[in-house]
Amino acid sequence: MPIIAVIDYDMGNLHSACKGLQEAGTQTIVSDRPEDLVSADAVVLPGVGAFDPAMQHLRSRQLIPVIQDILASGKPFLGICLGLQILFEGSEEGTEAGLGIIPGTVKRFQSEPGITIPHMGWNQLEYQQPDLPLWRHSPAQPWVYFVHSYYVDPVDPTVKAATVTHGTQTITAAIARDNLMAVQFHPEKSSTFGLQILANFVEQVQATLATPAV
């Protein structure tokens, strides 16, 4: 059974994500200790809240270089909500530098008639990487649950794995590149499809463990 480390940096309730991963057949460990993250088979970076405090909490725990090294190592990595946004270089929400893993910035939705900010509730995904393993056994345009006022804007459009449209604004809802996957929506709140995403991630971790190192 693979061990997945869920990074604890005081930015949200981690219980739901852990429960979903455990139901998918994995053991989870919630930790902010670098040695736990490095020794795990995969890492999940969840989070809700604001960009600057998130980066400050990671820095105070000396986790920024640890996360960067884990991503460079090829270990499966899943970011959720704020855990997607802080992978980028910075945010209009604050002044702190992000992790800088993905070139691009985090922007705020523009006000327009007929929409609410934050973007809150159920909305449909449009796949940009339809063959991504994270989407296995899933409908063509699944409904998922969002709660956010900011969205990621990657420089390289090929990292986009899915988009969503709020009013007239179509924004990035998920990214994927090599071992890194991250979603703006909350899988743990997205009913059957969300649990399937977590199960697919666990399946990828198991496949990685079964593949001999070159």
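Backbone N, Cα and C define each Cβ position, glycine as well.
The active site, nucleophile feature in Swiss-Prot is assigned to CYS81; the stated evidence is sequence analysis. If you look up Swiss-Prot, you'll see HIS186, GLU188 marked as active site. The annotation domain 'Glutamine amidotransferase type-1' is assigned in Swiss-Prot to 3-211.
Put simply, HIS186 (active site) is 6 Å from CYS81 (active site, nucleophile) when counted between their Cα atoms. Per-residue confidence over the domain 'Glutamine amidotransferase type-1' (3-211) averages 96 (mean pLDDT, predicted model).
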